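Copied over from TrEMBL:
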- 46-87: repeat 'WD' (REPEAT)
- 515-599: region 'Disordered' (REGION)
- 520-529: compositional bias 'Basic and acidic residues' (COMPBIAS)
- 530-540: compositional bias 'Acidic residues' (COMPBIAS)
- 580-599: compositional bias 'Polar residues' (COMPBIAS)
- 657-689: repeat 'WD' (REPEAT)
Amino acid sequence: MENLSFHDGNIFNLLHTRSQDPSHEVDQRMQLHSSLIRRLSQEQELEGHQGCVNSLAWNSNGSLLISGSDDLRINIWNYSSRTLLHSIDTGHTANIFCTKFVPETSDELVVSGAGDAEVRLFNLSHLSGRAEDDNAIAPSALYQCHTRRVKKLAVEPGNPNVVWSASEDGTLRQHDFRESTSCPPAGTAHQECRSVLLDLRSGAKRALADPPKQILSLKSCDISATRPHLLLVGGSDAFARLYDRRMLPPLTSSRKRMPPPPCVNYFCPMHLSDRGRTNLHLTHVTFSPNGEEVLLSYSGEHVYLMNVNNGTGIMQYTPGDVDNLFSFSNNLHDVESPPQVSTNPQNGFHRNCNAATVKKCTELVEIAKRSLEEGTDVFYAIEAANEVLDAHSNDIESALRHECLCTRAALLLKRKWKNDAHMAVRDCHNARKIDASSFKAHYYMSEALQQLGRCKEALDFANAAQHLNPSDADIVAKVESIKRDLQAAGSEKNEETGAGTTRVLSLSDILYRSEANSDSSHDMSRSEREDSDYDEELELDIQTSLSDDEGRDPESNAMRGSLNLRIHRVGDDDKPMENTVDNASSGTASSSQNDRTSYQPEGAIDMKRRYVGHCNVGTDIKQASFLGQRGEYIASGSDDGRWFIWEKQTGRLMKVLVGDEAVLNCIQCHPFDSVVATSGIDNTIKIWSPTASVPSIVAGGSAGPATANVVEVMESNQQKISRNRENPLSVELMQRFRMQEFAEGNFHPFECTQS
């Protein structure tokens, strides 16, 4: 794969074109050309903060960089000299999570949001004429209307009067500097701060089929640069939401909780749309530079690309489509019919079968098949298949595309990274569309469904594959294997039924229900909560019954045992609410069933590409960004201190760089130059530019992991993600307890690894 060219053209040809006919488009294409990305290396380290750097943003012309930190300061950096201009003592009392330059203000106005639930506006001109160490200035505007941490700010290009803030209290607020420069703290008597643009305190969905009910703790928001009426938000569930600000109701106060307004679109990969009992949530959402795509980064998951408009080739699905993807819908006659490999153009595209392209794709498919047979270089074999299917799908005949789909599905099932089995299901589904009698498509579909624990559906496909090729020994063994799994599952279910075992509530179930019953308390001010019985205490009795040979998964190294929970409210005479929880279970289940019956769920836009290799578990401020003015490359930070760059079109990994000693969170590309700024748990900001003498997947072949070890790095990251998936209890507890600490005013400014 090292010798395979990228899709942005030859840089020497671009230079020649620019010399003959200078244009802005050529400059955009050259800003972060693949040949420059492959030479990225750390140019400089900016020192000036005393805590984790949680936020980075450039001004509109790229002359200044702003950063916010756990040290409660905003720093302003000069780009040309790479020096610190100002370090502002903001007056925040908790970690700063977001900072922005306010547009069209000559870069004099900057805004910050923090864990103290405040949004502060500063005028940098107030620093002129002061001594270097005299950097405490009063905010020009102070907004205290949020009740939980402010995680993200958004500004509209060309608008110097308004800033939007997204908070974990479930609201997105619009602050207009022309109307007010302050507001009283949330919950203050007679407070009527009418700044709520989105009230999502009853907006979270556990699954696409469920009605929105719980608090959607907002983690991220963005405004489209090309269509600024479009607003994108993401938070504590799996669904990003797109709103048209022109269609939203007037601003309101937060005194009365409002039903969530209808959104233009939900965005969520189909395989993540029905996972309400996990700690899955978004950490970052953003528009592409042209506003036609969105990028979603999930905690404990991967990065996904989606189209904004539900146009040609974009799949908008409903809850019913999720189950249909796994079902065997063709009858036996269809399966036994001869293969029908279409050679007609699909999706309205004219198939231009260029001989050189077909030859290259054929060779790539052969490389992938050889890796599958030998069991080696699986990651690069999948990239070879991606190149064929994502870059040249419309340039090759259906027979070759079918072969590549089946081969990639088999490779994904062999690699077994998180959700690889779901991706294999998609490939097999598409392969069956091409050839309804494909043995490979049915065989690998049965393997994928078995890996997903859907043994009943897996058996349907396995039986179909056996009818197609009765003499194949592998499918005979597969059918028997699935039958054994079904029998084991049935026996286990019968044992539980015979023992009178009731369904064990997960921590997510309990916390979810608890949140539903605390709507009014959430709207109280901090002082009101302290005077009430709002504070609750979780008491966990953890009992494990593990012998030396039982309860441990040797591959995942995860402990498996029983978990008993007792929950009681402080002041309730220390009487455990064990019976209350059980009774609530049946009531809530009945209520939930009624809600599902009456609720008409909306559709959601599915993914069109996935980017893998990094790890996003430790922090909920981790960004995924488009690089360059054309957004042709995708970058994300990682819990291993590295940052990853992929080609957007194919998902091919282009670069892996070490940028932090612990966790790298923030990635911001310069507006025009071939420069990227990154930050994380370290107290410093790293500046990256294409200064390496040798192009490489790592930093010039010297810094970071050796090229041969890149796959090992990604394997390690996948194991971390899988451990988080298999044992989400500690992460979920930590997040909820940290939110409780915030509500009580117990901040920990320098504990940023779980921000």
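Each residue, glycine too, has its Cβ placed from N, Cα and C.
Any TrEMBL annotation is an automated prediction that lacks curation.
In the repeat 'WD' (657-689), the DSSP tally of helix, strand and coil residues is 0 helix, 18 strand, 15 coil. Mean pLDDT, taken over the repeat 'WD' (46-87), works out to 97 on the 0 to 100 scale. In the repeat 'WD' (46-87), the DSSP tally of helix, strand and coil residues is 0 helix, 24 strand, 18 coil.
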